[in-house]
Amino acid sequence: MMELLSNNSVPQQMASSNAPSANNVAHSSTANGSGGGSVSSNASNSSERLLAGILESFPAWDLNVGLLPNVGQSSPPRADFFINNFLGGLDTHGDFSIGPIGSGARSNPKMSPESSNNSSISCGWCEVSASIRCLECNEFMCNDCLREHRNSPLSSNHSIVSLPTPIGASPTGGSSVNAQTPPSGNFICDIHNEMLRYVCDYCRKLVCQCCTLHEHKEHSYASIQSFMVGSKEKLEGAIESSQVGTRCIKSSIDKALAFIRLIERNCSELSDNIRKAFRQFIIAIEDRERFLLDFVEKLRQRRLAILHDQMAGLKSALAGLSETSDMLSKVADNACNMDQIEIAMKLTNGQRQMEQFAGIYKDLQPKQEVFAFAPPDYSLLQDIRNQGGVILVDDKNLPIVSSSNGIVPSVSSVNAVAAASVGVVGGVAGVVGGVGVSNGLDLAFGMNMPNNPLSVASSSVRRPLLRDNSFRIPSPIMQPRGGSACGMSSGMSSAALDWELNGLRSSPGLHFSAPRTTQAIPGCMDLVKVRNSNALSLSFATEGHEDGQVSRPWGLCVDKMGHVLVSDRRNNRVQVFNPDGSLKFKFGRKGVGNGEFDLPAGICVDVDNRIIVVDKDNHRVQIFTASGVFLLKFGSYGKEYGQFQYPWDVAVNSRRQIVVTDSRNHRIQQFDSEGRFIRQIVFDNHGQTKGIASPRGVCYTPTGNIIVSDFDNHCLYLIDPDINDILSVKGHEGSGFHEFNRPSGLCCDDEGRIIVADSKNQRILVFNQNLDFMWDIEVRPSINPLMPPTLDEKDRTCDVAIMPDGRIVFLIELSPDSKEGSNPYKRFVHVF
């Protein structure tokens, strides 16, 4: 193609330019002879360097990390590297030597200096055909003028390049038979308007000769011909690198989407955790406030009673003293008419009475008592303001689980790491203010949200609007006991509570005097675990009005001795049966007085073996001893706190908290053991279809949560009473294994299994702790031949309970269109 000086470095060439003209000519021919080998050697070295780095020239993709920088090991090129590398890509032709030239004004060439075609370019000094070009002067010269140009002190170190061989011409100057088409503008340098002849390995772009001497002077480059050696391997490597890069980028995008969902879920859990945690502080303060106010009220009443008693005694003494004074006055007035003995008797009696009245006056003397309020330690306010915090769990300790959209951390694992890192209750170690740092951790969250899809309501379901219009009675503060986050005993299987824990995440510290764990049968010494049995073991309670007979019963429960308690609704009484089905005793009658009922419904027994009965049409709840003696009642008709409109079912937990389904008020209410209102959860018609129009059955789970059956919307709700929030929703109308049709009574065993009376589907459903179907009991004789043939095909299940040995006992009710007394042999209580 072209020729540039020789294989020597620029300083050597500049030194040689000072030699005589003859020597210069000889040296020029010698240089040309040896230059070809040097050029070939340089081209070979450049190609080897380029090919050796083919694989290293593409980005290094890491599928787990992303795009990693490719750090090269080559050192910067030498100062004269661009000359040697430049010569490697040149073809030589013709001779030229460097000699002294003079300086003087010369005319411009006939073509523009930017043109790369020298077929008609003339020397700007002597009008001879130009063969070289001075880059600094931007002038074309012939070989003779170059010598004069070199001899000038001002231009002795200028950069000289030879002009390219004309397109279509042979290197020797002859015409080419197959003339090539001139390159288009796309192959011309945008800066110097020169043909692109080299590939800059550093910049990954094509450059011209001028670029190699200026903009890319310190870079490593090679000719296009050398670069094209191994082009197939380069293309394959580039394609492979692009494919790997595509997979890496897509994987990173999937990770980002997964992390976005994780952040939304995590922040929601953080908010719930913060509300639940600080709610305990609020509850503790409210409890203390109510305790002190209650103490002041009792103190006021006691002091007023004492003062009123003192006033009554003093008034009595005053009246007696007045009578004595009148008697003595009469004696004084009639002394002349009275015997001495009579006078002495009157006088001594008067003196004795006056001494008694004086003693009363002395004993009943009012005393002034002034109490003062000892204010709390206000320095605790700052400590309370600094409680809690949010820390970042260290990624090094963060367990990783796989996801369909990438690799994402498990939130439950994050909680375990956060809890282990923090190791404190109610706060964060080393946290000061709202955001703290503990052992290099910057922010924290600690709530469990497993990925069970059953743990939350469907996104298409609008959750009921909850009102927190409640207050709590004074009660001592007690930290949770047991090894779990819910304060459960360490022996209880945490896997048995997955459905609740999926929605619950974790439970706060308790604010009542008992742990949150609740037994299936209060006070039972053994673990009650429901067992799968299709064999009918016992049936009793025929229809009628005699002892041991029932009329449209609804409520059912079992005590720790295995006695079966039934709310005999139409007979307005409660009957207690022995485990063998024989009647033990009964109590109650129709009326509105204490111990009287008007259609009793739900029934349960607490840890003290007290019997709690919902007096439905009297709109109240009554509590009796284990022998049926009336203790107390609470509730009346209305919509206010503590009032009911047709309450239906009742349940009690280990803290003796009583929960009642208030069907017509579309809510549930919670009370303490004495019937004092604690809280309510109101459902404002925002359920799957028309809201909880009629909450029916209710029970406590082993962790103290509440499950409510929605009679009209055919579903179950899992509720955390401490935060007044619905955690999970399950079911819809249908006859499948995960569907309900008028669900009614329900209960739980000690491992969290849920037993539901699916009323209109005429069956009993048993679910595990995740609400996955386990088995069912059909009550229609046509489907279940083990059922007594005396049952009608329209009979429904209404309530269910568990015997201490794990057998299921359920209650049958007549369908609304059935006629009473149609079958005297029909039994309403069945044990499987």
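From the backbone N, Cα and C atoms, a Cβ is placed for every residue, glycine too.
Feature annotation from Swiss-Prot assigns Zn(2+) 1 binding site to CYS123, CYS126, CYS145, HIS149. Sequence annotations record features per position, and here Swiss-Prot assigns Zn(2+) 2 binding site to CYS189, HIS192, CYS211, HIS216 based on sequence analysis. The annotation compositional bias 'Polar residues' is assigned in Swiss-Prot to 1-14. The compositional bias 'Low complexity' annotation in Swiss-Prot covers 15-32. Swiss-Prot lists 1-42 with the feature region 'Disordered'. As annotated by Swiss-Prot, repeat 'NHL 1' applies to 537-580. Taken from Swiss-Prot, the feature repeat 'NHL 3' applies to 631-674. Residues or ranges marked as repeat 'NHL 4' in Swiss-Prot: 680-722. The repeat 'NHL 5' feature in Swiss-Prot is assigned to 727-770. The zinc finger annotation in Swiss-Prot covers 118-163, 184-224 and rests on sequence analysis.
Here the features listed in Swiss-Prot are painted onto the structure.
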residue : record                : DSSP (3 states)
CYS123  : Zn(2+) 1 binding site : coil
CYS145  : Zn(2+) 1 binding site : helix
CYS189  : Zn(2+) 2 binding site : coil
CYS211  : Zn(2+) 2 binding site : helix
HIS216  : Zn(2+) 2 binding site : coil
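The residues of the repeat 'NHL 1' (537-580), classed with DSSP into helix (H, G, I), strand (E, B) and coil, number 0 helix, 20 strand, 24 coil.
If you take the C-beta of CYS211 (Zn(2+) 2 binding site) and look for same-chain residues 6 or more apart in sequence within under 8 angstroms, you find CYS189, ILE191, HIS192, GLU194, TYR198, CYS200. Excluding CYS189, HIS192, CYS211, HIS216, which define the Zn(2+) 2 site, the same chain contributes ILE191, GLU194, VAL207, CYS208, GLN209, CYS210, THR212, HIS214, GLU215 within 8 Å (Cβ to the Cβ centroid), listed in sequence order. In this structure, the CA atom of CYS126 (Zn(2+) 1 binding site) is 33 Å away from the CA atom of HIS216 (Zn(2+) 2 binding site). Highest Cβ count within 10 Å among the binding-site residues HIS149, HIS192, HIS216: HIS149. Cα of CYS123 (Zn(2+) 1 binding site) to Cα of HIS216 (Zn(2+) 2 binding site): a distance of 28 Å.
The binding-site residues considered are CYS123, CYS126, CYS145, CYS189; of these, CYS126 has the fewest other C-beta atoms within 10 angstroms of its C-beta. Between the alpha carbons (Cα) of CYS145 (Zn(2+) 1 binding site) and HIS216 (Zn(2+) 2 binding site) lies a span of roughly 29 Å. Cα spacing between HIS216 (Zn(2+) 2 binding site) and HIS149 (Zn(2+) 1 binding site): 26 Å, rounded to the nearest whole number.
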